[in-house]
Amino acid sequence: SPLASPQETLTGKYGEDTKLIYELQDQGGELLALRYDLTVPFARYLAMNKITNMKRYHVAKVYRRDNPATTRGRYREFYQCDFDIAGQFDPMIPDAECLKIVHEILSDLQLGDFLIKVNDRRILNGVFAICGIPESKFISTCSTVDKLDKMPWKEVKSEMVGEKGLSPEAVDHIGEYVQLHGGLDLIERLLQDPKLSQNKLAKEGLGDMKLLFEYLTLFGITGQISFDLSLARGLDYYTGVIFEAVLLQQENDHVEEPVSIGSVAGGGRYDGLVGMFDPKGRKVPCVGVSIGIERIFSILEQRAKASGEKFRTTETQVLVATPQKRLLAARLKLISELWDAGIKAEMLYKKDPKLLKQLQYCEDTGIPLAAIVGEQELTDGVVKLRNVATREEVRM
């Protein structure tokens, strides 16, 4: 999908985050915008090409006019790694697979303890409905509830009353629900809730959530998954299950609950998005997940810095080195042979570097081998191969 799209492609899909879209006006006067995520362009691609069934991953840059915080891996230009399943399938099977993938990635990266929060937009909308919130305010209420991971309930409540114009009684009622989190037991409890179980949307959402947890139990990953009613994900296009993965940090031994150090993945079901781009409004159900690679990198970098661990920043296998002057031609000839043989080789860009400097460069960058050609080696028709770490040498 192209980097720049017509502005109307992106507007109206991201709720309050619309203000973070980078808008461009090109010389022909056409209104364009840089892509905000990979989901909306994917939905547009499916609609334009009349594709009704697809499973894909996509790693590419997206742009947000946000306040950057590089220490927390928050940038204006960054990569997203997306995985999506589009098509008409039985409920919750693709959704469970998306969660399994997130679990697998975060486990393999060994980032420490993590938690994947799961909720459903239909359950939230059901909660808002029984609390007396008008339907026109569902989406804006959602984006305020979504701030619960960053703000205490007191501040979220005052925003709902002060800025969103909701009644304090209705907001207190919402508060009784959105502060709940648990597993299958909580789902069962809410299915018995006299008011919530009367709401058609909430009942559907809870039924699917129960099914989802049964599949996640079979995948053996429910230990890291929490059904969390405070999770709202502020984007407009979600229609069903939503999820977000956060890394946990045990602040100290006295803290009972682990502290979240930020979201590293998020996603959900967006069954109506493809239909927005289809001229005939044909819908294609979709579910997907996005991994924030920069956020993960910044965490790994901080850990490496703290532990003093050194990372190899190059894949170079061998440095071609010379011990005497006027041997640049020999180095160029040998490195060319190595490159032609598919060997990753490097040399210093100096005519007559000192041997010590060349070996020091190997140590600094982690290059394991040095291929040394001096006058004697040229006479004998050999190359001296040196293991940089052990200093062992062999002639070949």
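Backbone N, Cα and C atoms are what each Cβ position is placed from, and that goes for glycine too.
Listed features, source TrEMBL:
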- Asp37, Leu38, Thr39, Arg64, Gln80, Asp84, Arg233, Tyr237, Tyr238: L-histidine binding site (BINDING)
- 57-323: domain 'Aminoacyl-transfer RNA synthetases class-II family profile' (DOMAIN)
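Features recorded in TrEMBL, as mapped to the structure shown.
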residue : record                   : Cβ neighbours (10 Å)
Asp37   : L-histidine binding site : 20
Thr39   : L-histidine binding site : 27
Gln80   : L-histidine binding site : 20
Arg233  : L-histidine binding site : 23
Tyr238  : L-histidine binding site : 26
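Max Cα-Cα distance over the annotated L-histidine binders (Asp37, Leu38, Thr39, Arg64, Gln80, Asp84, Arg233, Tyr237, Tyr238) is 21 Å.
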